[in-house]
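**Q** Sharing a structure below in C-alpha cells format, with a few things to ask.
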Amino acid sequence: MNDTIQATDAAHAHSTHQHSMRALAIAAIGVVFGDIGTSPLYALKEAFSPAHGIPLTESSILGVISLLFWAIILVVGIKYLLFVMRADNNGEGGVLALMALSLRPLDSKTRVAGALMALGIFGACMFYGDAVITPAISVMSAVEGLEIATPHLSHLVLPITIVILIALFWIQRHGTALVGKLFGPIMVVWFVVIAALGVYHIARVPGIIAAINPYYAASFMADHLLQAYVVLGSVVLVLTGAEALYADMGHFGAKPIRLAAYGLVMPSLVLNYFGQGALLIQNPKAIENPFFLLAPEWALLPLVVLSTVATVIASQAVISGAYSLTSQAIQLGYVPRMKVLHTSELAIGQIYVPVVNWLLLFVILCIVIGFKSSDNLAAAYGIAVTATMVITTVLACVVMVKVWNWNRLLVGAIIAIFLAIDLGFFGANLLKVAQGGWLPLGIGALLFFLLMTWYKGRHIVKERTAADGIPLEPFLQGLLAHPPHRVSGTAIYLTGNDKLVPVSLLHNLKHNKVLHERTIFLTFVTRDIPYVRDDTRLSSRDAGGGLYIVKAQYGFNETPDVKAVLEEFGRSHDMTFELMDTSFFLARETVVPTHLPGMSIWRERVFAWMHQNAAKPTDFFSIPANRVVELGTKIEI
C-alpha cells in the first residue's frame, strides 16, 4: 500500500515538474526567441540582395540555404545552447554576468583583468547598438508585408511603423506583465505558422532538403569567393537574437530554453528557410519578398497582422533587455545612477528605466525615418551582433580555463572552431560599415567611451576620498570619549566606504555640533553575483553609544532598498524605524576637473557632467526627500 502511495506521489511530482517545464518553455518562447524568430522576415531576402551580385540559380540557392542551416546548427544549437549556457553566474547569463564570472579568479589590478573588463563593457555597449536596430527593422519588415498584400497602401508603411513604435514605448511605463502572459502562446502560434508555410513549399520542391549537406555551403563559398564572403554578412541575420538565449537564462533557466529551442524554435526556423529556398527555386521572382510570398493570397493580410504582433513582441524583449542591462551596469558601477521603476509587485525583473526608454525611442524613430526601408537598414544590422558573439566566445574561454579548470588543449580546440566562425561573420559585417554598419558601431563606441569614463572617474573619486579620509572606528571612539550634544531621533549616514568617516558627518558636527542618539552608518555593496541570499545580506557592528556600522550586500540584478534594510536591521536589534521620523545625511559631491594625474582634462569634464546629471540618491534609494539633509563637498580630480 505504502509503495503504491509513494509511486503515485512520485508520478504526480514528475508530472508537475514536466508541466512547470513546459510552462517555462512557452514563456521563454515569448521573451527569448522573438528576435531570432522574426529573422525569416528579412534574412534570406537580404542574402540575395542585388548589391551582392549572386545569381538566383538552384546551386546558389542551395548554397545559401545550406549556409543558413549550418549557421543555426553550429552557433545556436551547439555554441550557445551546449557550451555558453553552461557558463552561468549563479544562474544568470548575459555579457556583464559572464564578464563578472571571468574576472572572479583574477587579480583585478592585472592588465588581463582590465582587458576582460573592457571587453565585457564593449559587449554591453554593442547590445545597445543592436537594441536600436531590432525594433526598427523588425516592425518595418512586418508592416512592409502590406506592399505585397495591398500594394495601394504601400505609402502607409512608414507612418504605420512610426505609430506602432511610439505606442510600444509609450506603454512601457505601465508595465507589460498583463499582456506579457500572451507573448508565449502568440509566439508558439507564430513558429507553428512559419513552419507550416515552409513545409508546404518543401513538399512542392523536396530537392531543397539536399541543402542539409554542408557540401553545398562549401561549394557556394568556393564558387563565389569574395561575393560569398559578403553574403556571410547577411547570413548572420539568422542569428540575431542568439545572444538573448544566454542573456535571458536567469529569467527562465537553461533547461526550458533548450527545450523550447530544440523542440520548436530551431525546427520551425529551419523549415521556414528551406521553404523560402524551395519557393525561390520554383519562382526566382519571389525574391521581392520570399517570406510573405510563401503564403496563399487569402492568408496574406492575416500573416501581416501576425508578423506585426510577433515583431512587437521581439522588440519588447530587446527593450526589456536594455532596461535589465542598464540596471546591472548601474549596480556594477559602470553607469551613473538612473531612476529605475518597478512596474510589477510580483515579478522582480519587471522594471522601467525612463531615460533609457525615451532615448531608445528617439534614436529608433531617427533610424526609421532616415533609412526608410528594412532593405536599407539590413546593412546596418549584424555588426553589433557579431561583435558581441566574438566577445562572448573570448570570455567563455577564460571561464572554461580559469573557473572550470578544463584542459587547455580541449578548450583551445573548441574555442578555435567557434572563434573562426564568429570572426568570419564579424569580418563579413565589417564590409558593410559604409552602408550602415557605422550606426551600431558609432553608438557602441560612444557608449563605451562614456561608460569607461564613468568607471575611471568613480575610481579616481574613491582614491581621492580614501587618501583624505579618516578611519571610522577610532574616530567614533574619540567621539564617544568626548561626545557632542546628543539629540533625540535617528540619523542614517549613507556612505560608500564603511571604513571611513562620512564627509556628511564631519560637516554636520562642524556646523550643527550635534549627534543623534541613534546613528547608523549604512553602506551598500554590490557583489559580482546576480542575487545575494537574504540571510547573508546584512552585517553590522555595534560601536557603542547608539552608533552602528551596517553593510548591506546586493547582487548586480537587485535594487538596493533602504526601507527593507532598516526593517531587517531593526528586527535583528529589536528596534523600530519610521522613515518619516528618520533623518538621512548625504554628501552632495561636486566634482572639479583639474590637471591632476588621472584622466585628460576633457574626459574629466565629461565625467563631471555625467556626475552632475546622475539621479539623486533620494530618487535612486527611494528616500523621502523631506527627510534628507544634503551637505556639499568638493572633490578635485
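Residue 1 is the first one shown; counting continues down the chain.
Even glycines carry a Cβ here, placed using N, Cα and C.
Residues or ranges marked as transmembrane segment in Swiss-Prot (evidence: sequence analysis): 24-44, 64-84, 113-133, 151-171, 182-202, 225-245, 261-281, 290-310, 351-371, 381-401, 409-429, 433-453.
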**Q** Restricting to CB pairs under 8 Å, which listed stretch, 24-44, 151-171, 182-202, 225-245, 351-371, is in contact most with the transmembrane segment (433-453)?
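**A** Most Cβ pairs under 8 Å with the transmembrane segment (433-453) come from 351-371.
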**Q** Hey, would you say the transmembrane segment (113-133) packs against the transmembrane segment (381-401), going by three or more CB pairs under 8 A that are 6+ residues apart?
**A** yes
**Q** Taking 24-44, 151-171, 225-245, 290-310, 381-401 as candidates, which has the most Cβ pairs under 8 Å with the transmembrane segment (64-84)?
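**A** When the Cβ pairs under 8 Å are tallied, 225-245 comes out ahead.
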**Q** Could you tell me whether the transmembrane segment (290-310) and the transmembrane segment (182-202) have 3+ CB pairs under 8 A, leaving out pairs under 6 positions apart?
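**A** Touching, yes - the transmembrane segment (182-202) and the transmembrane segment (290-310) meet the threshold of 3 or more Cβ pairs under 8 Å.
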**Q** Which residues, given as numbers and ranges, are at least 6 beyond the ends of the transmembrane segment (409-429) yet have a Cβ under 8 Å from it?
**A** 71, 74-75, 79, 83, 229-233, 235-236, 239, 382-383, 386-387, 389-390, 393-394, 396-397, 400-401, 437
**Q** Where among 151-171, 225-245, 290-310, 351-371, 381-401 do we find the most Cβ pairs under 8 Å to the transmembrane segment (24-44)?
**A** 225-245
**Q** Report the listed stretch (261-281, 351-371, 381-401) having the maximum count of Cβ pairs within less than 8 Å of the transmembrane segment (151-171).
**A** 351-371
**Q** What parts of the chain pack near the transmembrane segment (381-401), using Cβ distances under 8 Å and only residues at least 6 beyond its ends?
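**A** For the transmembrane segment (381-401), the far contacts come to 75, 79, 83-84, 87, 95, 98-99, 101-102, 116, 119-120, 122-123, 126-127, 129-130, 133, 137, 233-234, 236-237, 239-240, 242-243, 246, 408, 411, 414-415, 418-419, 422-423, 425-426, 429-430, 432-433, 436-437, 440-441, 444.
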**Q** Could you tell me what the rest of the chain brings near the transmembrane segment (261-281), counting residues at least six beyond its ends with Cβ under 8 Å?
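**A** Tertiary neighbours of the transmembrane segment (261-281) are 25, 29, 33, 36-37, 39-40, 43-44, 48, 56, 58, 61-62, 64-65, 68-69, 72, 76-77, 81, 188, 191-192, 194-195, 197-202, 204-205, 207-209, 211, 238, 245, 287, 290-291, 293-294.
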**Q** Using a Cβ cut-off of under 8 Å, list the residues of the same chain at least 6 residues beyond the transmembrane segment (351-371) that approach it.
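**A** Cβ under 8 Å, 6 or more out: 131-133, 135-136, 140, 158, 161-162, 165-166, 169, 172-173, 175, 319, 322-324, 326-327, 338-343, 377, 380, 436, 439, 443, 559.
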